[in-house]
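J.: Summarising the annotation, Swiss-Prot assigns ATP binding site to G215, G217, K218, T219. Look at Swiss-Prot and you will find 85-110 tagged as compositional bias 'Low complexity'. Per Swiss-Prot, the feature compositional bias 'Basic and acidic residues' maps to 126-140. Residues annotated as region 'Domain I, interacts with DnaA modulators' in Swiss-Prot: 1-87. Residues or ranges marked as region 'Disordered' in Swiss-Prot: 85-158. Sequence annotations record features per position, and here Swiss-Prot assigns region 'Domain II' to 87-170 based on sequence analysis. Feature annotation from Swiss-Prot assigns region 'Domain III, AAA+ region' to 171-387; the stated evidence is sequence analysis. The annotation region 'Domain IV, binds dsDNA' is assigned in Swiss-Prot to 388-507.
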Amino acid sequence: MSVELWQQCVELLREELPAQQFNTWIRPLQVEAEGDELRVYAPNRFVLDWVNEKYLGRVLELLDEHGNGLAPSLSLLIGSKRSSAPRAAPNAPLAAAQVSQAQANAAPASAPAPAPTPAPTKRTTQKTEEISEEPSRDSFDPMAGAASQQAPVRAEQRTVQVEGALKHTSYLNRTFTFENFVEGKSNQLARAAAWQVADNPKHGYNPLFLYGGVGLGKTHLMHAVGNHLLKKNPNAKVVYLHSERFVADMVKALQLNAINEFKRFYRSVDALLIDDIQFFARKERSQEEFFHTFNALLEGGQQVILTSDRYPKEIEGLEERLKSRFGWGLTVAVEPPELETRVAILMKKADQAKVELPHDAAFFIAQRIRSNVRELEGALKRVIAHSHFMGRDITIELIRESLKDLLALQDKLVSVDNIQRTVAEYYKIKISDLLSKRRSRSVARPRQVAMALSKELTNHSLPEIGDVFGGRDHTTVLHACRKINELKESDADIREDYKNLLRTLTT
């Protein structure tokens, strides 16, 4: 019945979608049924991601509308039917995506929770699909042990499992590894420190604290450490979670009078990996509990890795004793990727998606998308989708078409005028000084920095840049750029100034 229901939905999608969209994304899908589960196979990772993002919601609606209350659970996988075993979906955007399906007439649940099992089990009723996710060695559940007193909560939702989902809730993304992390000058130290911790836990840096802006690879490195630890020792208790999850678990434990179980769980792990620690700010009770957990782990020789969007001393609302302890190990910054690294990231992502990306096209995108890796990946996905829809190869012309709104915004945000104003404010001089003939170091050096930034962040030629800096010759601009590049290697102050200005102008 499930396969026939799928075919019915496909025919409805054929009527709803433009022919090109249907033929590109829906027609290649293969399906097979096993019990009440419908397995849908995509030919590659890119198709899986696109279907998951753009069409999954409508597919579920159609299954519900035409399933007479017996809509099957759905799994998205890469590969083909049983003739070819499915393979893992690298970088699948959802490990276990949940789509809300409210059921107004659902009867209240009364069955007791089943005995714990290593992996989640699914129970399907005619009115709703209920997901029972029993506690594993890597997930804290204060309800465990109290099932006989607490009525189970009905989950009025369907869980759609995309291939790559973990069998337990350690929340590690297994597609984030050291092998597919693109290394460059901006993240070289952070990558080396993470590898040291992964390869020599308890003998490396403890805690390891990674900080930097969004989308720069901190979370990737943290997952890579966790995955490597499990590869070396599959029985290791490695727990990754967002700081808000830690807070939520603690609140739940307090509500259920299970705080001792909470403490035992988090203090018994071999490695605790917490993302975005800045969300502990101004949460005094959470900070108190984490302080004692942190101390217990370090005293026991267990590894702790933390990330934040800023240097720990700069996190307002965080207790000084925590800031001090975060400095016991190694604190490393992850910087925005430089041009060469951005190009390498684009080429690697295109290769993973099995898409041919010319080097000049990658260079064109990398020159204009500078802030973080996440924006780079988003831009590349748009270009690839545009290429698929239009049936054209990826060229600079196609990139201009597919990213025209983004490129227009970038050009508007980063102008030479904006650079001059920002540099003048940073060095506390006047814009007129930058344009003047003054050659004192206090003016000449900021002028050179502004010229170098103008060359890196805009599409203006050297003569054009020289013209807006008081009518200077293009050779003066070229000399300024070379000088600043040299000083960034030898002068820590210039390197820090340039990095700060670059961050201000591109975020």
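Here the Cβ of each residue, glycine as well, is placed from N, Cα and C on the backbone.
Just so it is clear, the model here is predicted, and its values are computed rather than measured.
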J.: Provide the number of Cβ atoms within 10 Å of the Cβ of G217 (ATP binding site), excluding the reference atom itself.
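T.: The answer is 28 other Cβ atoms.
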J.: Using DSSP, how many residues in the region 'Domain I, interacts with DnaA modulators' (1-87) fall into helix, strand and coil?
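T.: Taking each residue of the region 'Domain I, interacts with DnaA modulators' (1-87) in turn, the totals are 44 helix, 18 strand, 25 coil.
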J.: Output the one of G215, K218, T219 that, of all these binding-site residues, has the highest number of other Cβ atoms within 10 Å of its Cβ.
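T.: When each Cβ's neighbours within 10 Å are tallied, K218 tops the list.
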J.: Kindly report the helix/strand/coil residue split of the region 'Domain IV, binds dsDNA' (388-507) according to DSSP, in that order.
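T.: The counts are 93 helix, 0 strand, 27 coil.
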J.: Within 8 Å of the Cβ centre of G215, G217, K218, T219, which other residues of the chain have their Cβ, at the recorded ATP site?
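T.: Not counting the recorded site residues, we get G212, V214, L216, H220, L221, T307, V334, N372, V373, R374.
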J.: Look up T219 (ATP binding site) in the DSSP assignment and reduce it to helix, strand or coil.
T.: helix
J.: Mean pLDDT for the region 'Domain IV, binds dsDNA' (388-507), rounded to an integer?
T.: 88
